[in-house]
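Everything below concerns the one structure shown next.
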Amino acid sequence: MKETPLSNCERRFLLRAIEEKKRLDGRQTYDYRNIRISFGTDYGCCIVELGKTRVLGQVSCELVSPKLNRATEGILFFNLELSQMAAPAFEPGRQSDLLVKLNRLLERCLRNSKCIDTESLCVVAGEKVWQIRVDLHLLNHDGNIIDAASIAAIVALCHFRRPDVSVQGEEVTLYTPEERDPVPLSIHHMPICVSFAFFQQGTYLLVDPNEREERVMDGLLVIAMNKHREICTIQSSGGIMLLKDQVFRCSKIAGVKVAEITELIQKALENDQRVRKEGGKFGFAESIANQRITAFKMETAPIDTSNIEERAEEIIAEAEPPPEVVSQPVLWTPGTAQIGDGIENSWGDLEDSEKEEEEEEGGIDEAVILDDTKMDTGEVSDIGSQGAPIVLSDSEEEEMIILEPEKNPKKIRAQTSANQKAPSKGQGKRKKKKRTAN
């Protein structure tokens, strides 16, 4: 199912709002949407909400044989799925261009940046290593999928615990969580993607674009960075040309946003760990606020209405008057008038239908009698079967008879007179029969 395209009015409205440095949800140009992180009952399961965009992250592991060229390193695998539950435009089981681009960007952001120590995932060199699989499911799409997916992936990896193992000779022993505590992954840093949307060929910039803003943007710049201000990857799409100063400015903004998001992630991990140690309630069910009626509500957007009247007066004063202004009504026909800029009014003349309506309102209900028409070939007298002239009234139920002239009007006259005499003779015979019967 294809997505519903934006109308021209919506597109112009969005672009006009961006030019005035306003956004539909009330944010400023460099503001991020609210980020909410909730953890499941198992380690390595989390849901990240970036506004209305929701991504579910799940990490799993298994012992496999290593790659031939990297015998002492573990394997990282990332998989992002776009289901129709998130948006009707996504087709299940099909590798779209958007899905391929997002998966490659996640691999460059997390795997190529060496954020996880893959050598610590080795159990037996050349024989057994841990394969870490990160599955990401998009639950709801409201724009900026890559930022929400990168946050969900790194949060799930930080929250994940793998089973402990021991090696004695050639025997590898795998312990359950009851026998030994699971072991967390060795993470060097936390790279996070920050997206920048450009409009009007790079003139205007927005951070964290939503779904509607992504439809009207000209290009997208994604910068993956950690809290140490180290750029892990950078990608530009959309075919726009960016200046060096624009890229530097975006990198500075990304550094500030990444530091804030990293602090939020660390606090969420610490709170979850504290609740688990204290034996409190945790999981997705506990993170839903079910005691509030307005748990799911639209955030209010403040609007400044202080200078609306002054602005309206300025617009009226700056507006240019039309070239020709008519201050008095222009009489086109009797009973009509027009006040405007002097353009000829095509509605000035009364039409036939309006004349008929006026005659009906005035009480003129006289019948229209068709007179004998005079043709070039001769005169034709239109007489009915009983010698009475044909009368057309205003009633819509009666049939209308259209008389067409013939080539020989004298023959038509003779035929009509013969038809009139014939029924008169028949009527006389009927009267005689009635008298004899009596």
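Positions of Cβ are set from backbone N, Cα and C atoms, glycine also.
As the structure is a computational prediction, the values presented were derived from the model and not from experiment.
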To which residue among SER38, SER186, SER385, SER393 does Swiss-Prot attach the annotation phosphoserine? SER393
Do you know which of SER113, SER236, SER395, SER417 is annotated phosphoserine by Swiss-Prot? SER395
At the level of the C-alpha atoms, what whole-angstrom distance separates SER65 (phosphoserine) and SER306 (phosphoserine)? 68
Reduce the DSSP letter at SER306 (phosphoserine) to three states and note it down. coil
For the modified residues listed here, SER65, SER306, which shows the highest count of neighbouring CB atoms within 10 A? SER65
Would you mind pulling the DSSP three-state label for SER65 (phosphoserine)? coil
